[in-house]
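Worksheet: one structure, shown below.
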Amino acid sequence: MEGPGLGSQCRNHSHGPHPPGFGRYGICAHENKELANAREALPLIEDSSNCDIVKATQYGIFERCKELVEAGYDVRQPDKENVSLLHWAAINNRLDLVKFYISKGAVVDQLGGDLNSTPLHWAIRQGHLPMVILLLQHGADPTLTDGEGFSSIHLAVLFQHMPIIAYLISKRQSVNMTDVNGQTPLMLSAHKVIGPEPTGFLLKFNPSLNVVDKIHQNTPLHWAVAAGNVNAVDKLLEAGSSLDIQNVKGETPLDMALQNKNQLIIHMLKTEAKMRTNQKFRLWRWLQKCELFLLLMLSVITMWAVGYILDFNSDSWLLKGCLLVTLFFLTSLFPRFLVGYKNLIYLPTAFLLSSIFWIFMTWFILFFPDLAGAPFYFSFIFSIVAFLYFFYKTWATDPGFTKASEEEKKVNIITLAETGCLDFRTFCTSCLIRKPLRSLHCHVCNSCVARYDQHCLWTGRCIGFGNHHYYIFFLFFLSMVCGWIIYGSFIYWSNHCATTFKEDGLWTYLNQIVACSPWVLYILMLATFHFSWSTFLLLNQLFQIAFLGLTSHERISLLKQSKHMKQTLSLRKTPYNLGFMQNLADFFQCGCFGLVKPCVVDWTSQYTMVFHPAREKVLRSV
């Protein structure tokens, strides 16, 4: 922020709420309107030869400042408001002037202003990450406190400058450092900043969850409850904050919530307390380990029950309809007791596997006598075995999760910050790692995935660099299995049902096959549903891979970008599209009798542009 008007705001600053942001160099992405208006209202200095050194510093007029200092001005001398030149240079992000003043003897930790702050404090308030880096490199002490008792990390938390928080912690400043009242950054975040951040961001650095402050002896969870900060309460409970610690008044977080009559927080605390109590029972722990198996068994039984009701020996469809409604009502209750919320995302996967189970049983029991000895039978067996294999490989193979140790994360943060690249385009604020090219953070898996394609509902896993090729074969053999069952259904009806399609038409034919075997029609409908989506996805994937060289995420992102562009954006003209044969060779990592050779790229660790020898193209992130 520039200008003298903004500096006066900083001198008399009170710690109110600030909009969060993670812009370039740590500058808040959504700038305060008053500060923006103040910047626009600043007068232009046409003649800088007569301005004083304070104004020259504020406006970054280096030559005028150098002239006055060399004429004898003491760079340590504060102005009438007790603000040094280094303060003015720091708040206005004048890097060259800071270097010059320090070289002329300026005290890097000189206190000044109404809040008795250091230049580092002023730079942090405005979110100037390059200035923070420069001051620390010249010996600024981040542990010093201002007149309100806040150190550097506390100010960064209050003003929600996540890049500065990450940089300070990576430079060995304690995430549990206390202010004058004994409050840690996590306490301040939970109490002063309403919302999920920076509480969630701080939790990634493993702060102490159960430490208490000096005066009230509140934990971070106490402070979040006191402020009614629902998002912070959720984050702290997920991290494992204690529910039993009492403050100086003998109150637990639940007691405080009851006093404040915040019904949502009361519900959250009681639910968490109940879950932690259940964890003590061996049966409950066993059920949690078997949640996915129980979900699969529930799906298998439910699908059998639906088919059994449809095949029930009764002409009353009203009775069958009532039984189906009752069945769905009962099955909707079971997951609430047997399966946790996080594992409900695997419901489509359980539905798919249950469908395949009953498809196989139907083929073996009903269709096998009509197709025994035929090549179609062996083709079906091969297809279903291959489907199960590639489903397992898609599910079990690492899709390309990016991993880094705590020390590597801190080194990456420091490196990115000091090169001016600590922003959301190159740094993942969830994983605290440098993002490889073509990667994306999956919020379901809570990890960055290399060459991210999608999070597949049907496999319950991300599709990325490591398992994308398995996913293609999974779709192919699923289409094959469903195609064979559709074929087998018509063979079964032609052999076992008296149909008059040619004489009476389609409607009569449908009534005849429903009356003949509702179960087979039910299985046919399941097979048709899975055949439809799997074939569509397979064709879409092959088109993207062979003709575009893009992932699903990249294609969707480019289509969204094209809506806001004046010129038409061609999906074929991207650096990743190297031609039909080369795209396939690179994707499946196989050549074609020496005519096409694949280019081996490890997308889990590819951070820079890649030179492709096949077409002499440079690959860039879409």
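Each residue, glycine too, has its Cβ placed from N, Cα and C.
These come from Swiss-Prot:
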MOD_RES   Met1  N-acetylmethionine
TOPO_DOM  1-291  topological domain 'Cytoplasmic'
REPEAT    43-78  repeat 'ANK 1'
REPEAT    81-110  repeat 'ANK 2'
REPEAT    115-144  repeat 'ANK 3'
REPEAT    148-177  repeat 'ANK 4'
REPEAT    181-211  repeat 'ANK 5'
REPEAT    216-245  repeat 'ANK 6'
REPEAT    249-279  repeat 'ANK 7'
TRANSMEM  292-312  transmembrane segment
TOPO_DOM  313-320  topological domain 'Lumenal'
TRANSMEM  321-341  transmembrane segment
TOPO_DOM  342-347  topological domain 'Cytoplasmic'
TRANSMEM  348-368  transmembrane segment
TRANSMEM  371-391  transmembrane segment
TOPO_DOM  392-470  topological domain 'Cytoplasmic'
DOMAIN    426-476  domain 'DHHC'
ACT_SITE  Cys456  active site, S-palmitoyl cysteine intermediate
TRANSMEM  471-491  transmembrane segment
TOPO_DOM  492-518  topological domain 'Lumenal'
TRANSMEM  519-539  transmembrane segment
TOPO_DOM  540-622  topological domain 'Cytoplasmic'
| task | Kindly assign the residue listed as 'active site, S-palmitoyl cysteine intermediate' to one of the three DSSP-derived states: helix, strand or coil. | result | strand
| List, by number or range, the same-chain residues at least 6 past the repeat 'ANK 4' (148-177) whose CB is under 8 A from its CB atoms? | 15, 18-22, 25-26, 28, 115, 120-121, 124-125, 127, 129, 132-133, 136, 142, 183-186, 188-189, 192-193, 197-198, 201-202, 205-208, 211, 409-411, 413-414, 417, 422-423, 427, 429, 432
| Close approaches to the transmembrane segment (292-312) from elsewhere in its chain (Cβ under 8 angstroms; 6 or more beyond its ends) | 319-320, 323-324, 327, 331, 334-335, 338-339, 343, 346-347, 350-351, 353-355, 357-358, 517-519, 521-523, 526
| message | Let me spell it out: take the repeat 'ANK 7' (249-279), skip the flanking residues so only those 6+ beyond its ends count, and list any with a Cβ under 8 Å from a Cβ in it. | response | 216, 219, 221-222, 225-226, 228, 230, 233-234, 237, 241, 243, 285
| request: Using DSSP, tally how many residues of the topological domain 'Lumenal' (313-320) sit in helix, strand and coil. | output: 4 helix, 0 strand, 4 coil
| task | Tally the residues of the topological domain 'Cytoplasmic' (540-622) by DSSP class, grouping H, G and I as helix, E and B as strand, and everything else as coil. | result | 30 helix, 6 strand, 47 coil
| query | Averaged over the whole of the repeat 'ANK 5' (181-211), what is the pLDDT? | reply | 95
| query | Same-chain Cβ contacts of the topological domain 'Cytoplasmic' (342-347) under 8 Å, 6 or more residues past its ends? | reply | 291-292, 295, 299, 335, 444, 457, 460
| remark: Secondary structure of the repeat 'ANK 3' (115-144) by DSSP, residue by residue, totals 17 helix, 1 strand, 12 coil
